[in-house]
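Reviewing the structure listed below.
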Amino acid sequence: MDIVPIPADTYKLGFIGAGKMAESIARGAVRSGVIPASRIFTASHSNSSRGDAFQSFGVSLLSSNDDVVRESNVVIFSVKPQVGIVINHSHSLFLITAAFNCIFTPFSPPVAAVKDVVLKLNPLLTKNKLLVSVAAGVKLHDLQEWAGHNRFIRVMPNTPAAVGEAASVMSLGGAATEEDANLIAKLFGSIGKIWKADEKYFDAVTGLSGSGPAYIYLAIEALADGGVAAGLPRDLALKLASQTVLGAASMVTGTGKHPGQLKDDVTSPAGTTISGVHELEKGGFRGTLMNAVVAAAKRSRELA
């Protein structure tokens, strides 16, 4: 059976589930001009504030998931691990999301929730539908088995999607086309940057970019505390720490220089910066960050 292309310039986008990640994707797509708000839909939510959030930037709030699916040919499932949904008939692209930044326990496994959603959808999931998952720890092999075909793309974004600065990675299933990949790259490109990689790297991706924002928040907090200890007012210290991290990251991405070279450029002999770097090295700063990424990646494998 031939793959039916998703009409990239005219598709309508529906969200089943109205959580923060769904909102980030919708806002980013509208803000960047990928799709107008008039072609985006979601359904009434038990938490009325979620529907209000979508309506605040022009998304239509419909009475039911059925209506959303009928109106849309691109349907995004934004489902937390512990929350089930009512599955409706459609002829659409599906994005099945599952709270990738949650803390999972043995009593609320992400795989079981996503499996339940996909299996309920199985009779509807023809190859005319492009399936996308952002559920952490749920492998393409399982997703494709539950769906009954392999037109699947797995994406791992992170929480800075909320401010349009996500670091996302995608991996294509067996029947996903380059056109499918381009559509998803454009959609997720509206909330940050996205790269393509083999799925075997996704546990490491989780350990680095998935969990990485928390490491950086700790670093910003520690820098601000250091500023306070050195005599700065708290509000000024936090502003300086945040902007310093933002600026340093922009130097890496903007100049193309290796971080080590950029560090060397600002460490003059016997100066203030090398004195601070020396203390970081004595404290095992780099090794601790490396260990954090490895530990989070290991935990990702365990959860899967």
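Glycine is no exception: its Cβ is also placed from the backbone N, Cα and C atoms.
Taken from TrEMBL as is:
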| type | residues | note |
| --- | --- | --- |
| BINDING | Ile16, Gly17, Ala18, Gly19, Lys20, Met21, Ser44 | NADP(+) binding site |
| BINDING | Asn65 | NADPH binding site |
| DOMAIN | 12-83 | domain 'Pyrroline-5-carboxylate reductase catalytic N-terminal' |
| DOMAIN | 199-303 | domain 'Pyrroline-5-carboxylate reductase dimerisation' |
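Pairwise Cα distances among Ile16, Gly17, Ala18, Gly19, Lys20, Met21, Ser44, the recorded NADP(+)-binding residues, top out at 17 Å. Neighbour counts of Cβ atoms within 10 Å were compared for the binding-site residues Ser44, Asn65, and the top value is held by Asn65. Ranking the binding-site residues Gly17, Gly19 by how many other Cβ atoms lie within 10 angstroms of each Cβ puts Gly19 at the bottom.
Rounded to a whole number, the C-alpha distance linking Gly19 (NADP(+) binding site) with the residue listed as 'NADPH binding site' is 14 angstrom. The separation of the residue listed as 'NADPH binding site' from Lys20 (NADP(+) binding site), Cα to Cα, is 18 Å. When each of the binding-site residues Ile16, Ala18 is scored by how many other Cβ atoms sit within 10 Å of its Cβ, Ala18 comes out lowest. Other Cβ atoms within 10 Å of the Cβ of Met21 (NADP(+) binding site) number 26 in total over all chains. You'll find the Cα of Gly17 (NADP(+) binding site) roughly 9 Å from the Cα of Asn65 (NADPH binding site).
The Cβ neighbour count for Lys20 (NADP(+) binding site), using a 10 Å radius over every protein chain in view, is 15.
The helix, strand and coil residue counts that DSSP assigns across the domain 'Pyrroline-5-carboxylate reductase dimerisation' (199-303) are 89 helix, 0 strand, 16 coil.
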